[in-house]
Amino acid sequence: MAIKERSLEETPTWAVAVVCFVLLFISIMIEYFLHFIGHWFKKKHKKALSEALEKVKAELMLLGFISLLLVVLQTPVSEICIPRNIAATWHPCSNHQEIAKYGKDYIDDGRKILEDFDSNDFYSPRRNLATKGYDKCAEKGKVALVSAYGIHQLHIFIFVLAVFHVLYCIITYALGKTKMKKWKSWERETKTIEYQYANDPERFRFARDTSFGRRHLNIWSKSTFTLWITCFFRQFFGSVTKVDYLTLRHGFIMAHLPAGSAARFDFQKYIERSLEQDFTVVVGISPLIWCIAVLFILTNTHGWDSYLWLPFLPLIVILIVGAKLQMIISKLGLRIQEKGDVVKGAPVVEPGDDLFWFGRPRFILFLIHLVLFTNAFQLAFFVWSTYEFTLKNCFHHKTEDIAIRITMGVLIQVLCSYITLPLYALVTQMGTSMRPTIFNDRVANALKKWHHTAKKQTKHGHSGSNTPHSSRPTTPTHGMSPVHLLHNYNNRSLDQQTSFTASPSPPRFSDYSGQGHGHQHFFDPESQNHSYQREITDSEFSNSHHPQVDMASPVREEKEIVEHVKVDLSEFTFKK
């Protein structure tokens, strides 16, 4: 007879209290740790990482719901009975393995007979666990759909999978940012006189003689097949080079920002903010990803030999993605040559969504997300099955299976962190539209407030200006425009204030972000010089000594920024 487990009526209260105290203590410590991390992100103005942390909390809450459902439904599910012939199909173990491990009675009856614990059976990880001490389905000549203990094991696996996925994404992101630190020195170099001289806009050169041309315009670039082969192997030897970074940076600035902003725009900071925003997507587990996890569980069936092909799927996908990203850079170089053999100044690449699969740069992010999850699934499944069923079990009973899973897990981690992720962070900026992260936090918040005010006034049907309704601009007036956040009003000298007051028209974007005298000034959304940022209220502007200000000028200002900064409105939202 099986030994029925004790209920809480037969358990000492001090034992229950100790267990509750330990669980509460661990839960509170985790809560405080997450709160501390969130506070640190806000202190460092890491808004995207703070959103990623919220995604992690949402995943933990989802795990809590799954745990609750598994606990509540454990008994009802274990009482669902199915015929024995159906239950005998799609097992992880072969019949020979099951007989050797559990005995012939297990195969004949289609179920595990609950027996008294045998000290000679200590190697078996299966517990003598039953919901109410016996199998109800056995009385009907059937087998339980999933036993109570099987549901408990599934519960543990789902938790391990989610934890591994989050940890895997964090490690990949951290290692990728470590690799990208060298880009800071490249960005600083663009501010030097030597760089300006080497990229003299009045200098004529052959496209093939430029550093970018010598790297990408070769004999193998004439054939698509040889170009794919070259790009495939190029990702292993300097996936992101200095010449590629500087050329793509120059092309991005020429395509999206005003002329003359190359020396002021921090492309590396923009990429960093964009990558942080993408991390909020990767760290989550979408319903589609959960469905893929269910399919992976289905492949662990005897005879499918999933250990021979499943670990290689993420490797193949990540290598194809890396080759595609290198292919995009090469195509940008070929487009330069198609326009002519001679270039003036630095080579200018032309970004476009047509370079990416299906015209969607975000599709590559989905593939990277899928690779990270698939690899995390492999390692999580290996750790869970080893914990539950010892190292050699039905899921990986061969030594080569164990070696393949571990080797592929480490290899894909290195490839994704040090090769594909930095390459993706750079090349994905070559789409038709730029990301909302082009603005720093100060400007982004100003735009949100401006949009909120404009939307509110449009809703109420009135404006703060005194112009007639028919001539009233559809955009907010100057006092509501974010232009007042892009310049300094406090620290300006008296001469600057005098010239500002004497101006016959309101200051434009090009007047706010200059540095020094005698230089061309321009609007710079990336400007980190906070001494040139000051908020002017409506009253300050209305009390200034230039009553001849044309109130329609904000419309021209808005058109100017739309012409220079082409943000995709479908991506740039103002949701709080």
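Using the three backbone atoms N, Cα and C, a Cβ is placed for every residue, glycine included.
The record in Swiss-Prot shows matching topological domain names for ASP305 and THR390, meaning one and the same side of the membrane. Through the fold, the topological domain 'Extracellular' (300-308) approaches residues 90-94, 97, 381, 394-396, 398, 400-401, 404-405 of its own chain, all at least 6 residues removed from its boundaries and within a Cβ separation under 8 Å. Within the chain carrying the topological domain 'Cytoplasmic' (330-362), a Cβ under 8 angstroms from the stretch's Cβ atoms is held by residues 199-208, 210, 212-213, 215-217, 221, 227, 230-231, 246-248, 250-252, 254-255, 324, 428-433, all 6 or more beyond its ends.
Listed as Cβ neighbours of the topological domain 'Cytoplasmic' (35-59) (distance under 8 Å, sequence separation of 6 or more from its ends, same chain) are residues 162, 166, 273, 276-277, 279-280, 283-285, 437, 441.
Same-chain neighbours of the topological domain 'Extracellular' (384-405): 91-94, 97, 123, 125, 153, 156-157, 160-161, 300, 302, 307-308, 311, 378, counting only residues six or more beyond its ends whose CB sits under 8 Å from a CB of the stretch.
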